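Engineer: Have a look at the structure that comes next, please.
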Amino acid sequence: MNRLLEVENLGVNFKTYGGEVKAVRNVSFHVDKGEIVAIVGESGSGKSVTVQTVMGLIPKPPAIINSGKVLFEGKDLMTLSKKQLKKVNGSKMSMVFQDPMTSLNPTMKIGHQIAEVLIVHKNLSKAEARKKAIEMIKLVGIPNAEERYDQYPHEFSGGMRQRAMISIALACSPELLIADEPTTALDVTIQAQVLELMKDLKTKINTAIILITHDLGVVAETAERVIVMYAGMIMETSSVDAIFNNPKHPYTWGLLESIPDITTSSEKQRLIPIEGTPPDLFSPPIGCPFAPRCKYAMEICVNQMPPDFEIDEGHTAKCWLNDPRSLGAEEILELRGRGREREASTN
Amino acid sequence: MYILKRLGAMLLTIWIIATLTFMVMKFIPGDPFATDADVYPEDVLQNLRAAYNLDKPVPVQYFLYMKDLITLNLGTSIVSDTRTVNSIIGSGFVASATVGLLAMVVAIVFGVLLGIVAALNHNKAIDYVSMVIAIIGISIPNFILAPLLIKIFAVDLSLLPVASWGSWKHAILPALALSTTPLAIVARYTRSSMLDVLNQNYMKTADAKGLSTYRIVLQHGIRNAILPVITFIGPLFVSLITGTFVIEKIFAIPGIGRYFVDSIFNRDYPVIMGTTVFYSVILVVILFLIDLSYRFIDPRIKLTSKEG
Amino acid sequence: MMNKQADQDLFRPVDPAYYDDKEVFRPSLSVWKETVLSVLKNKLALLGLTLLFLIVTLAIVGPMMAPYGGSEQNLMNTNAEPSSEHWFGTDDLGRDVWVRTWLGARVSLTIGIAAALIDLIIGLIVGGISGYMAGRGKKGDQIDGVLMRLVEILYGIPYLLLVILLMVVMEPGIKTIIIALSVTGWVGMARIVRGQILQLKSNEYIQAAEKLGTSTPKIIMRHLLPNTMGIIIVNLTFTIPSAIFAESFLSFIGLGVQAPLASWGTMANDALGVILSGHWWRLFFPGLMISLTMFAFNALGDGLQDSLDPRARK
């Protein structure tokens with residue numbers, strides 16, 4: 001069995017003064033050993049909440065997990081005690097956060113922050129942990145590893161800190177690495193380096209990676225499979241090829257249209273944003289959550305939640321357009337009187 | 001380099017305080033012996049004034065005063081002319097320091113503890129209860145609390161001595177009364193600092209690393225939360241010094257604070273001036289030490305770096 | 001046939017205006033409204049506000065509720081326990097403690113509020129000028145530098161120590177206490193105002209307003225002041241109780257208001273000698289009132305701080 005992680009029917013709410021926010025609804029997906037899966041979506045789509053729930057990092061309260069299973073190597077993490085979960089976290093499953101500037105403890109030496117994981121999970125002695133930590137610092141491409149071991153985070157640049165974060169996450173050679181927008185806070189050139197590093201380490205350590213991002217460019221370069229999330233739900237999931245060549249959800253089309261295209265940069269090309277904002281998750285629409293922003297919305301979209309239509313093996317899309325009864329997308333656009341031609345989604 | 005700069009600033013502050021004290025005292029209409037005019041004959045008064053340099057022009061007086069300060073001679077009491085300010089401070093120091101330091105330790109240890117426990121139980125009953133206790137602690141002035149403590153523990157329960165000075169038992173009630181307000185302030189300060197730290201991303205990292213709760217709270221949480229609390233020791237110290245004025249009076253402790261209040265009452269100007277300067281020096285030195293230790297403890301601040 | 005018709009209806013494109021009147025997106029509350037709402041929701045702040053209202057009311061009408069004058073002595077009825085005649089008992093001169101407590105409240109509250117207001121005004125002016133001038137050419141930096149040196153020096157001197165010195169040489173009385181408290185009290189406020197202004201100045205909207213040629217007074221009135229208001233109000237709720245504490249502290253060590261005027265501090269001081277003889281009411285009532293007043297202001301300040309802090313808001 002190659003399945004590493006299986007999330008079934010996950011639902012997470014947040015209790016606030018204004019009521020309960022339905023942050024994640026009915027989310028199911030899986031990750032196989034050694035593969036890179038990307039979760040894509042705009043801010044507030046529930047990507048971070050989903051993976052933090054998987055890691056058991058979501059604070060309860062205010063969060064309430066109202067349904068779902070998280071099977072990791074066949075064991076349901078939801079049924080584990082806090083203590084048992086701590087044995088998994090950081091050793092078999094680890095996480096890299098978005099902002100390397102604030103994710104490291106400012107008053108602890110970088111080396112200690114790496115060695116700490118080894119001491120806790122691998123029962124290494126202090127000296128052994130130090131040796132291994134220095135190896136890790138070298139592995140993630142930080143020069144002068146021994147000297148760097150004794151430095152504090154403020155002596156590191158943003159990219160170097162993210163490398164340090166990655167070395168913490170990979171110190172125990174985990175089966176699964178969750179990277180929550182690991183490059184968003186970095187300069188573009190550093191971004192590429194960090195992604196390259198992660199891909200490289202993935203082959204060295206054979207770790208599966210969940211990569212959270214809102215940048216489809218990053219997805220195209222790194223991931224093997226893609227999950228598109230919107231308003232706390234999975235809209236479309238498929239292989240990277242299918243997402244770029246045969247997307248089946250208007251939200252995915254929108255995301256693709258908003259990628260800058262370098263190949264046609266000679267002409268002045270405008271990015272096409274998805275108009276509108278995500279719906280209020282206090283009382284999400286009964287029908288498709290994307291319908292209010294969708295150019296192709298139909299009566300049924302307003303009133304009925306679309307099921308996951310299977311397009312191909314491993315490719316599903318939660319959109320009524322894929323129902324055999326539906327009209328084609330072009331026809332709908334014409335009928336809605338907008339006539340604006342959809343940009344080819346296959347650019 | 002930084003230390004030298006700070007030392008310079010320290011001396012400047014002490015000089016300003018001493019000058020200010022001198023000027024304030026010169027604002028007094030007449031001289032300290034004006035009220036004794038009917039008691040003593042003119043030539044005795046003349047001698048007294050000469051003894052205290054009051055017959056010389058003000059700039060000369062200032063110069064002599066500064067010269068005395070530099071040689072650590074704080075002057076002689078007018079009321080009891082056999083006692084020098086130095087001997088008063090010397091004899092009161094042990095009692096004052098005992099009560100003050102005891103109160104300081106109690107305030108910091110229990111204040112930090114209370115603040116951390118409250119923060120770790122944020123928005124739960126323990127949090128609310130500790131913070132209400134803290135506000136009450138801030139609200140009750142020590143000169144109200146002290147008599148109350150005497151009434152309960154010394155008079156009604158007869159557990160501890162009512163007042164005066166002698167065995168360790170005499171220090172308990174004064175230290176307790178003195179520590180309440182600073183304790184409450186430290187607790188509030190620690191709580192908000194700890195809450196701030198708990199919300200930091202690196203705490204989430206620590207959790208994701210699968211560290212034990214003990215390790216997360218102690219090594220990653222408290223260490224960072226306690227740093228800003230150190231800067232609070234300065235103001236805490238000031239509040240303790242002023243607190244000793246009333247506490248030593250209420251408990252009849254022969255400390256510097258009580259001599260100071262008595263000197264105010266008797267308008268014993270050399271003692272008032274001398275004690276004020278002494279307090280200021282102690283305070284400035286403490287502030288300097290705190291600043292220094294902070295820079296030593298927090299790796300983000302280097303001693304070589306510029307101010308701020 | 002029927003089914004097909006139904007399907008066609010279902011899959012008919014929806015009118016683009018369909019969602020226009022639906023509340024898919026949540027309207028946001030104005031900051032001010034949200035603040036008032038959350039203050040009212042904060043039980044502690046509400047308790048503080050209620051207590052303050054009660055204390056102020058009693059300070060105004062309390063002395064009139066009993067048929068005695070504040071310094072009216074009755075040597076036939078000294079140190080009487082609280083009773084229906086004398087609600088808070090009498091002191092060693094037979095004066096009514098209830099009346100004296102509320103007369104003392106007037107003194108304490110007047111001093112506290114007046115000193116805090118003077119602190120506020122001086123602090124606003126010095127802090128405002130300093131913050132505004134900083135970074136405005138060489139001259140601006142010099143003005144800021146001089147003012148901040150002054151603030152630093154005053155900040156380095158223990159507040160109560162200086163006040164004590166001043167009180168020693170000045171004529172005792174309410175005015176003197178207010179002056180002595182304000183001589184150094186404004187320093188804290190000036191630091192806060194300056195810090196706020198400096199922080200606001202770096203905001204892009206202020207820089208934009210400046211580049212667009214908005215006049216300086218208008219920038220101060222429209223942008224800087226409203227945005228510092230919150231922190232100033234919170235600070236005020238903390239300076240008033242500390243001024244009240246300072247007053248009762250001074251009165252307690254014999255430097256405050258002089259007889260026959262009563263303040264909570266002098267009453268507590270007078271009662272000190274008799275606490276052992278069991279005349280608890282003479283210390284208890286003024287002590288309780290100082291504590292309640294301080295509690296009320298602190299609770300209100302805490303509540304306000306929570307509601308004005310966007311990080312604390314949920």
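Every residue, even glycine, has its Cβ placed from backbone N, Cα and C.
Features from TrEMBL:
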type     : residues  : note
DOMAIN   : B:93-294  : domain 'ABC transmembrane type-1'
TRANSMEM : B:7-28    : transmembrane segment
TRANSMEM : B:93-116  : transmembrane segment
TRANSMEM : B:128-150 : transmembrane segment
TRANSMEM : B:170-190 : transmembrane segment
TRANSMEM : B:225-251 : transmembrane segment
TRANSMEM : B:271-292 : transmembrane segment
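Set these features in their place in the structure for me.
Structural biologist: Only residues 6 or more beyond the boundaries of the transmembrane segment (B:170-190), in the same chain, are considered here, and those with a CB under 8 A from a CB of the stretch are 98-100, 102-104, 106-108, 110-112, 114-116, 118-119, 130-131, 133-138, 140-142, 145-146, 149-150, 153-154, 160-161, 163-164, 225-226, 228-229, 232, 236, 239-240, 243-244, 247-248, 250-251, 253.
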Engineer: Relative to the transmembrane segment (B:271-292), which of B:7-28, B:128-150, B:225-251 accounts for the most Cβ pairs at distances under 8 Å?
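Structural biologist: Highest pair count goes to B:7-28.
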Engineer: Take the C-beta pairs under 8 A between the transmembrane segment (B:128-150) and each of B:7-28, B:93-116, B:225-251. Which stretch has the highest count?
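Structural biologist: Answer, by Cβ pair count: B:225-251.
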Engineer: List, by number or range, the same-chain residues at least 6 past the transmembrane segment (B:7-28) whose CB is under 8 A from its CB atoms?
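Structural biologist: Residues packing against the transmembrane segment (B:7-28) from afar: 58, 61-62, 65-66, 69, 269, 272-273, 276-277, 280-281, 284-285, 288.
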